[in-house]
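*Asks:* Have a look at this one before I ask anything.
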Amino acid sequence: MAEHESLEFGKADFVLMDNVCMEDFMANLKLRFEKGRIYSYIGEVVVSVNPYRAMNIYGRDAVEQYRNRELYERPPHLFAIADAAYKAMKRRNKDTCIVISGESGAGKTEASKYIMQYIAAITNPNQRAEVERVKNMLLKSNCVLEAFGNAKTNRNDNSSRFGKYMDINFDFKGDPIGGHISNYLLEKVRGPYAQGPSCSGLLRGGPESLLRSLHIQKDPKAYAYIKVGGQVKSSINDGADFKAVADAMKVIGFTSEETLTAYKILATTLHLGNLTFGVDGDVILIQNPKVVSVIGELLSTPEDNVEKALLFRTVATGRDVIDKQHTAQEAGYGRDALAKAMYERLFCWIVGRINDVIEVKNYDARVHGKNTVIGVLDIYGFEIFQNNSFEQFCINYCNEKLQQLFIQLVLKQEQEEYQREGIPWKHIDYFNNQIIVDLVEQQHKGIFSVLDEACMNVGKVTDEVFLQGLNGKLAKHVHYTSRKVGRNRNLLEISYFTETGPYSVVGFIDKNKDTLFQDFKRLLYNSSNPVFKAMWPEGKLRITEVTKRPLTAATLFKNSMISLVENLACKEPYYVRCIKPNDVKSPLLFEQERCRHQVEYLGLLENVRVRRAGFAYRQTYPRFLQRYKMISEFTWPNHDLPSDREAVKRLLQGCGFDHDVAYGKTKVFVRTPRTLFSLEAQRADMLQRIVLFLQKVWRGTLARTRCRRMRAGLVILRAYRRYKVKSYVREVNRRFRNVRTMKDHGRSVKWPAPPKVLRRFEELLKNIHSRWWAWTLIKVLSPEEVLQVRAKVASLEALKGQRADLGLQRAWEGNYLRDSPDTASSLALVSGELQRKDKFMRVLFSCNVRKINHFHKVEDRALLITDRHLYKMDPQKQYKPMKSIPLYNVTGLSVSPGKDQLVVFHTKDSRDLVVCLQGMRPPAESRIGELVGALLGHFRRWSPSLPVSVGDGFG
């Protein structure tokens, strides 16, 4: 049964109805239509209800949902039946066919197009160019055939006025390689009166230049044939249709000359309808001769010949040939017959040209393998109008013929399946419409035979004489009656399964003879247009040449139907039964009686009865187990019983349904739908538990997998890190192995790039190396040199980048006053006295300065800095100390960034000392760096660091 549809949408398969009756069938059909479910099943038959609206269920996603799926695995759809036919053809190498039936407006043509599109979508996965060409041709042929063979009617915007059977040939790989189209009974009366894309589309959609060349105008009301056909409100865009048809003809391979000839024939039929005849005494005249001139131009034949063929008939009497003048009535009949015949020949010629393009060529089964066929039959539906004629009679005969085949094949399939499975067959009552088929086609007694006999009689044979012949042979037939309505209307009536079909016999004789004067055939054969010559080959016969009587239209149609049925009977059939929900083309209205009538004459209820035959459902043991094995502990997850049959038996016994099933050789048969619904309910309940269990197991598996991966990742990461660390350490060791013997002690060695985890370690290592390198340089120095180096380092750290010259490149003397010969003796006395007094250990710095006081007064002084005090001295008074500042009272230094030698000593009592160093030799020598370095070196060793600021202003 179809998945993914709950019972709120009704039963997807009518076979699963609890009660097989018309009321339940109609209620289920209506519910599904109202819920937007236009497709249902009867076993393997698709029931389609025309939705009269666009539905988004035919896209690429839908194609993939049904591709390579069984019928019951997805909701009912045309794609499911198309896929089933394709799989049967490809897997079993068996010819198949899809029979689409239903009345006019039920959606048969659309169904055939969707089936073709699906087959095109799932074939040729390797995108072979030739296969793509064939697929494109097959799809485009639909467009062209619809344009010339369909018509707009009050019941249908796109009504098929012909039957179409298309064989699609496939190679051994399942790719389409060609095809062939057969057409049945183009309803020629619709031809010149057509409302389809061919005529009205030409008028409304053709370009102005084309219309001028054909001497036609856009207004359809200007043409008698279309005016008689009636104006039908339609949703079809004639202009767009015309362009689509023109493009399709070009793709198929029609030359521009051939396409133009088709338009000329359409235009000619329109102009013929406007011809009027009058009488002047004993002479018949054409009242609008300009139209004759236009027709002659379109047919590429002289105007005089056209006029003569319309007004006269050439008759051969022995060796004599005479021209017999028509009456006005005969001329009108000949005009209409010519228009209809030209339209029919045009359609048959188009079908032939398409077949020439798409037929399989150069295919050798011994070389390429057997080619198989899928047939698609889209044929007119059952029709009972208020006024019915010969065309409706043939159409309904065709439907009866196909309905008989349908019942026979379905019944045969069911009987064969029961026989194969060893299940007893139960007789089924159904209406056997073979009696209706025999009434029409039986030799010597059937209606077609009586009609042919009437047409072969010598002399004037009327429709009344034909009806009398029917009454003489069929008066006692239970399904035949005749009656007279009014003065001039005689009806024959056939009692079908669902209703009685009344047919007016007026026109039966003429339509069956399908008479077209030989003059018209010669006229068209002698045209200078080669297409006309090819369409009318019989026109080459001489006037006096005797030919065999042609077959009548009824015989031709009967023979084609017999051939069609024989063709379908040798294929594996699949069915699409189309239903029209209402007559007003509404997407919301479901007319109960209207649909009930279609269900009856389509025999859908009989189809359900045949399909059930006592059992509502059957399935092979492996597939049944696959769907329901989770219900039983003996079959879940796998059984250990001898066979699948035994496993299914144990499962159903455990559920208590053993009394409601039968076991075949390969399939299990379930009698009532309730059992199946109970199995489905138990399955749905178990699926929830299984899903939860699977989710739990799967989530646990995922978690354990993630954990193992994380652990493995950590192990790998650690190993990799160790590897990178060891590699880095080994590389550093290799590069710095001989660093002790290098001149620069490794300063020029390039450090290897460290792994990310060792970047901090690299910094520390470089710092260690730098300290070691510095230590190797310092260890050879004297204590005084070490102190000087430390002072220079302190000065560099404090002033780097802030003053240009720090004096790092020269030796720092420190005590510059001592080195002056003029002042050495005086300074030595003062220095000795201060050392005894203040107990300092050494002199850090001394220099001549220029002092600046608060009043901006400048005086020469000397500066002496020891490890305990800062002394300001007067050089003019033998370096007499003028001021003494303990170093612990000095809170900071400020220097300028320029080349001057200005220094500010900040003290705790805010009595800052501002001096400018002087007396340098050479004069440009800078001693600020040395002063700052001496103080910083001292403060870092014995006390907290001394702040040093560099700036243009001092606070």
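Our numbering is plain: 1 for the first residue shown, then up by one each step along the chain.
Here the Cβ of each residue, glycine as well, is placed from N, Cα and C on the backbone.
Automatic prediction, not curation, is the source of TrEMBL annotations.
Okay, so TrEMBL annotates it like this:
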- 9-684: domain 'Myosin motor' (DOMAIN)
- Gly102, Glu103, Ser104, Gly105, Ala106, Gly107, Lys108, Thr109: ATP binding site (BINDING)
- 561-583: region 'Actin-binding' (REGION)
- 801-955: domain 'TH1' (DOMAIN)
*Asks:* So which residues does the region 'Actin-binding' (561-583) touch in its own chain, when a touch means Cβ under 8 Å and the partner is 6 or more beyond its ends?
*Replies:* 29, 33, 42, 44-50, 52, 78, 81, 84-85, 88, 94-108, 111, 115, 155, 165, 182, 184, 373, 375, 377, 381, 397-398, 401-402, 405-406, 409, 441, 589-591, 594-595, 598-599, 602, 604
*Asks:* Over all shown protein chains, what is the count of other CB atoms within 10 A of the CB belonging to Glu103 (ATP binding site)?
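*Replies:* Counting Cβ neighbours of Glu103 (ATP binding site) within 10 Å gives 23.
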*Asks:* Determine how many residues of the region 'Actin-binding' (561-583) DSSP places in helix, in strand and in coil.
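*Replies:* Counts, helix then strand then coil: 9 helix, 8 strand, 6 coil.
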*Asks:* Within 10 Å of the Cβ of Thr109 (ATP binding site), how many other Cβ atoms can you find? Include all protein chains, please.
*Replies:* 23
*Asks:* Note the mean pLDDT of the domain 'Myosin motor' (9-684), expressed as a whole number.
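*Replies:* 80, rounded to a whole number.
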